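Look at Swiss-Prot and you will find 51, 73, 168 tagged as Zn(2+) 1 binding site, backed by similarity to another entry. Marked as substrate binding site by Swiss-Prot on the basis of similarity to another entry: 73. Marked as Zn(2+) 2 binding site by Swiss-Prot: 104, 107, 110, 118. Residues or ranges marked as NAD(+) binding site in Swiss-Prot: 193, 194, 195, 196, 197, 198, 280, 281, 282.
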């Protein structure tokens with residue numbers, strides 16, 4: 001009859017790890033996902049990444065976490081079931097899921113492959129609800145059911161345990177660099193910070209055929225930046241002489257420092273006319289701009305990427321052998337891992353071995 005709503009079939013039993021409240025205490029959480037629809041893909045989760053965003057969401061830092069909360073916006077696994085109208089995947093395929101599991105599909109952003117800017121997104125990690133009334137729980141769980149449009153093809157030669165952080169750190173740095181044209185050969189890009197975001201930014205810059213200069217607070221990271229990640233140069237951000245010599249030489253800089261602590265005038269001074277400062281380190285306070293003219297330089301931010309960009313990140317990583325430095329952990333180590341993230345004690349990202357350590361029992 002007109003006006004009636006179809007009751008959603010929430011019959012897929014699932015177990016995940018998350019929080020029941022803002023105390024931050026992590027625990028197993030049982031819940032139900034919807035039965036696969038015609039265009040849905042059912043995924044056995046094998047790996048799930050953990051980052052600072054997850055830690056802050058667990059503690060409701062921004063005030064919009066809905067409990068019980070199962071985190072996870074960097075998820076990799078294999079297809080175990082497909083709906084009858086699914087065209088992109090078959091059982092056994094390796095796949096990934098990023099931060100989005102749905103969007104309106106009608107707005108300007110959705111129509112232009114920028115689903116991440118949709119005003120009505122369905123996020124993977126439990127911060128939103130579907131139109132039908134289904135709660136979305138994150139990928140730190142044994143199973144996911146996702147519309148095939150929001151499922152990513154996983155390249156065969158990209159290890160899932162080393163690649164799963166690309167679904168966060170990778171797309172966060174790739175999307176704005178591509179937008180600014182920094183994916184072209186010959187660009188000189190400065191990277192502030194050499195953590196999870198910075199290390200991936202350097203690898204992508206080199207894959208693009210560019211020159212990467214790492215600017216860090218610690219001289220101890222010089223060997224690591226050059227020998228492990230392929231940076232062309234390294235500068236300590238307190239070395240005024242070196243910084244002076246670099247003024248106006250860079251096509252852009254990417255600030256990946258936690259909390260966006262790098263002074264804006266310092267970054268603007270390094271950038272050429274028409275260059276750009278890209279902020280991906282989630283600034284926690286307002287930044288100050290210099291009063292003098294900025295030479296038509298741009299300051300931009302980033303909010304992950306669209307689905308096309310997500311797939312490009314995985315494909316480029318596979319083509320250029322880009323992997324993340326991950327510490328693979330079991331689910332029982334998760335609380336310790338969150339504390340280590342809080343204390344900046346991880347090199348560089350955690351990947352949870354969901355497939356072998358998260359057991360589902362009826």
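Keep in mind that glycine also has a Cβ here, set from the backbone N, Cα and C atoms.
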In the chain carrying residue 193 (NAD(+) binding site), residues 6 or more apart in sequence that have Cβ under 8 angstroms from it: 216, 255, 256, 257, 258, 262, 281
In the chain carrying residue 107 (Zn(2+) 2 binding site), residues 6 or more apart in sequence that have Cβ under 8 angstroms from it: 118, 119, 120
DSSP state at residue 168 (Zn(2+) 1 binding site), helix/strand/coil: coil
Remaining residues near the recorded Zn(2+) 2 site, that is with C-beta within 8 Å of the centroid of the site residues 104, 107, 110, 118: 103, 105, 106, 108, 109, 111, 115, 119, 120, 121
Least Cβ-crowded entry, counting other Cβ within 10 Å, from the binding-site residues listed as 104, 197: 104
Length of the line joining the Cα atoms of residue 73 (Zn(2+) 1 binding site) and residue 110 (Zn(2+) 2 binding site), in Å: 19
Residue 197 (NAD(+) binding site): secondary structure state under DSSP, collapsed to three categories: helix
Binding-site residues near residue 280 (NAD(+) binding site) (Cα-Cα within 10 Å), from 51, 104, 110, 168: none
Per-residue Cβ crowding (10 Å cut-off), top of binding-site residues 51, 280: 280
Which listed residue (110, 118, 168) has most other Cβ within 10 Å, given these are binding-site residues: 168
